[in-house]
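According to TrEMBL, the features are:
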DOMAIN    31-465  domain 'Major facilitator superfamily (MFS) profile'
TRANSMEM  56-77  transmembrane segment
TRANSMEM  107-126  transmembrane segment
TRANSMEM  138-160  transmembrane segment
TRANSMEM  181-199  transmembrane segment
TRANSMEM  211-232  transmembrane segment
TRANSMEM  260-277  transmembrane segment
TRANSMEM  297-318  transmembrane segment
TRANSMEM  330-348  transmembrane segment
TRANSMEM  354-377  transmembrane segment
TRANSMEM  389-408  transmembrane segment
TRANSMEM  438-461  transmembrane segment
Amino acid sequence: MSVALTGHVAMTTDNAKAQGEAADENFNGVLPLKEKLSYLSTDMAGNLLYSSLGTYIMFFYTDVFGITAAAAGWILLIARIGDCISAPVWGSIVDHTKTKWGQSRPFFLWMAVPFALTVFLAFTAPDLPPAGKVVYATITYILAAGLVYTGIQTPITAILSNLTPDPAERVKANTFRLSGGLFGTFITAVCTLPLVNWAGKAITGETNQKVGFMFTFAVYGVIAVALLWFAFRNIREHNYDPKTQNPLPFKESLHAIKGNWPWITLIIAFVIFWIAQEDRMSVAVYYAKYNLNNENLATVLNGMQILGLITTFLIPPLSKKLGKAGKTDTMILGMVMAIVGQLLLLTASNSFALFVVFWAISILGAAMALAMPFAMLADTVDYGEWKNGIRAAGLLSAVGASFCIQFGSGLGNLIPSKIMAAAGYVANQQQTPEALNAIQFCFIWLPIIVYAICIFIMLFYRRFEKNEPAIRAALADRRAKADAAADAAAAVA
């Protein structure tokens, strides 16, 4: 596909000037280490709580709170449907935010406590009748994993385009962010079940996972709030100027989607990718408990997510080396690697050591793929500006990241819950061969199928990435002309 660089709606002079060159005139485009570490802390906080929801909430519902697997699956899907509304609303809220602190940054201050509190409530198990449990779980999960989480995830993603106008620095900053996310996931995977079991026994004198989960998420909540407030204190939006930034009406923001086929392609792929990502982590608890006959091995399997740091820090040089479509090819390479690792798991049924090695291969590949869509979203924001003259970073990021993660995660929990329920899964019982086979299918084969579909879709996005340099050059030229016109008008005035 060739990209024509003329004939598109030009931005107004004021908007071009506001959204063009970095608002901080002394900023050279390179983010200081302190700010990269601050960006790291945002996703560490987010994953500390959200990964806990993705990994343990279905297990908590079925084996601790006493909700059936089928009901738990529907709760997760209903919450995801609500995200269809909350994601664009939060995106518009971010686009309309105009403060002395920036556009996205203040949400790290405002939303930290509500995020921690709602996740704590989601892992609280009050003594209710069966119907009451379902209602309570539905309300608290919608708040924690949907409405409130979107309010923190949207600015985390949207702020990237405001941190720096430099595409290479965006990739580096995003690498730090994803590294923080992996640290958060690692803490969740390694510490959660041991802390739950220890706290329950220490507080009540006997095994009590209900009390253990409450204590654990009170601790996680305090840590997450501290991390988000640390980010608020230290991060700066160098590419945002509150004096000249004009908030976009919601209807006008929607025009940024019109004709933005790279963004549409990316969100479809990202939703599908997150089905596999969430499925692997949530089913790992069941696979360890029932197929490997050791629930504590779930800590090992999910704790190995930290290995993703290895490939995460290789992403900037790798994507550069792979050429014009480096980000797309890096993501595809990661998914191919994950598929290979998943297939090899089938050959290691009698050796847990081999199983761990092959699982590590799958983790390394998935981590490589996971890092890319967030950086790609910033590029589709540029495309929307070039195509339609509208830069709606909040809306595009909210739907492209928050909605995709949550809706894909919901499906990644719903699909295995339905498969397991259909196979006769019953919590805390000896499982039938059919149920064990269903758990194995969800843990090994379902991610393989989903990754393959995602690879096919990303081949279409690859066509766009090859033309990114031309699009950025056209935007730079347009902004330079707008600046010159504004300066000339000011001189005449």
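Note that Cβ sites are derived from N, Cα and C of the backbone, with glycine treated the same way.
Remote same-chain partners of the transmembrane segment (330-348), defined as residues 6 or more beyond its termini with a Cβ less than 8 Å from a stretch Cβ, comprise 273, 276, 311, 315, 318-319, 322, 354-355, 357-370, 372-373, 444-445, 447-448, 451-452, 454-455, 458-459, 462. Counting C-beta pairs under 8 angstroms (sequence separation of 6 or more), the transmembrane segment (297-318) fails to reach the transmembrane segment (138-160), with fewer than 3 such pairs.
If one looks beyond the transmembrane segment (181-199) by at least 6 residues along the same chain, the residues whose Cβ comes under 8 Å of a Cβ in the stretch are 40, 43-49, 51-52, 55-56, 207, 209, 211-213, 215-216, 219-220, 281, 295-296, 298-299, 301-306, 308-309, 312, 367. Proximity of distant same-chain residues to the transmembrane segment (389-408), defined by a Cβ-Cβ separation under 8 Å and at least 6 residues beyond the stretch ends, is recorded for 8-12, 15, 19, 50, 79-80, 83-84, 87-88, 90-97, 103-104, 145-146, 149-150, 153-155, 157-158, 160-162, 248, 250, 252-257, 260, 263, 266-267, 270-275, 277-278, 373-374, 377-378, 380-381. A Cβ distance under 8 Å defines the sequence-distant neighbours of the transmembrane segment (260-277), meaning residues of its chain 6+ beyond its ends; these are 335, 338, 366, 369-370, 373, 376-377, 379-380, 383-384, 387-388, 396, 399-401, 403-405, 407-409, 411-412, 415, 446-447, 450-451, 453-454, 457-458, 460-461, 464-465.
Panel annotation: around the transmembrane segment (56-77), residues 122-123, 125, 130, 133-134, 137-138, 141, 145, 188, 192-193, 209-210, 213, 282, 285-286, 409-411, 413-414, 417-418, 420-421, 425, 427-428 of the same chain, lying at least six beyond its termini, place a Cβ under 8 Å from a Cβ of the stretch.
Beyond the ends of the transmembrane segment (138-160), by six or more residues, the same chain brings 39, 42-43, 45-46, 49-50, 53, 57, 75-76, 78-80, 82-83, 86-87, 90-91, 93-94, 102-105, 107-108, 111-112, 114-115, 118-119, 121-122, 124, 170, 173-174, 177, 228, 235, 237, 374-375, 377-378, 393-394, 397-398, 400-403, 405-406, 409 to within a C-beta distance below 8 angstroms of the stretch. Non-local neighbours of the transmembrane segment (438-461) in the same chain are 262, 265-266, 268-269, 272-273, 275-277, 279-280, 283-284, 286-287, 290-291, 328, 331-332, 335-336, 338-339, 342-343, 345-346, 362, 369, 376, 415-416, 419-420, 422-423, 425, 431; each lies 6+ residues outside the stretch with a CB under 8 Å from one of its CB atoms.
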